[in-house]
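What TrEMBL records for this protein:
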type: DOMAIN; residues: 72-224; note: domain 'Major facilitator superfamily (MFS) profile'
type: TRANSMEM; residues: 109-127; note: transmembrane segment
type: TRANSMEM; residues: 139-156; note: transmembrane segment
type: TRANSMEM; residues: 168-189; note: transmembrane segment
type: TRANSMEM; residues: 201-219; note: transmembrane segment
Amino acid sequence: MADTKAHDIEVDKKQPIDNDDVEADIKTGSISDLDEAEIFLQQHGIPHSRLDELMSDEAALKKLRKKVDWSLMPLLCGTYLLQYVDKQALGYSAVFDLFETTGMTSDQYSWMASIFYFAYLVAEWPASYLAQRMPTGTVVSTFVVTWGTILCLTAACKDFAGLAVCRFLLGTFEAVITPAFMLIVSQWFRRETQPARAGLFYCFNGFGSMFGGILFYGVGQAKG
C-alpha cells in the first residue's frame with residue numbers, strides 16, 4: 001500500500017487593502033474621456049456621496065424628471081416628426097406634378113427612395129461617432145439646419161440628377177438623429193425610464209404621417 005504523506009501548504013497572507021490609500025491613488029491618477037456629468041461634478045466639487053444621497057430622494061427625482069421631460073422631450077419629438085415629414089416629401093410630391101416637371105420615369109422614382117437609405121446606411125456610423133466625440137447638441141442642431149437647407153434646395157431641382165443628389169445628402173444628414181436621440185435619452189434619464197422616452201419620440205413617426213398628409217395637401221392646393 002502506497003504511503004500517504006501530508007504536505008504543508010504555505011499560504012501567503014496579504015494585508016488588507018487600505019481604502020484611504022486606494023482613494024489617494026485614484027485622486028493622484030488621471031482619467032481621460034470623462035462624460036459631461038462627471039466633468040460637472042468635478043468642476044463644482046460635488047462628491048459622489050452627495051450624488052448618491054440625491055439619487056435616493058424619490059420626490060426630488062420625480063420633480064427633476066418632470067422638469068427634464070418638459071424641457072427635452074418636446075424638442076426630440078418635434079425634430080423626429082420633422083424628420084419623418086422630410087423623408088416623405090418626395091412621396092407626397094409624386095401625387096401632384098413631380099413626374100411632369102422633372103421628366104422622371106417610374107424606375108428612376110424607385111431609385112430615389114433607395115438613394116436616401118443608401119446614404120443613411122453609409123452615414124450612420126460616422127454620424128454616431130461625431131455625436132459621441134463632439135457636443136451632441138451642436139452636432140444635432142448643425143445637421144438639422146443642414147438637412148432643412150437641403151430640403152429647401154430640392155424645390156430648385158429640375159431633373160433626376162439634381163433630385164438624386166439632394167436625396168443622398170438628405171439621407172446623409174438625417175442619419176444622426178436616431179443614434180443621437182438614443183444617446184441623449186441615455187444621458188438624461190435613468191435606465192428604467194429610458195424605454196418610455198425612446199418610445200415616445202418614435203411614436204411621432206405616426207404623427208408625422210398624419211401631419212405631413214394634411215400639410216402637403218394644403219401646399220398642393222395653394223394657388224399663385
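Just so it is clear, glycine is given a Cβ too, placed from its N, Cα and C backbone atoms.
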Same-chain residue ranges lying at least 6 outside the transmembrane segment (139-156) that approach it to Cβ under 8 Å: 79, 82-83, 86, 89-90, 127, 130-131, 162-163, 166-167, 169-170, 173-174, 176-177, 180
So what's the average pLDDT for the domain 'Major facilitator superfamily (MFS) profile' (72-224)? 88
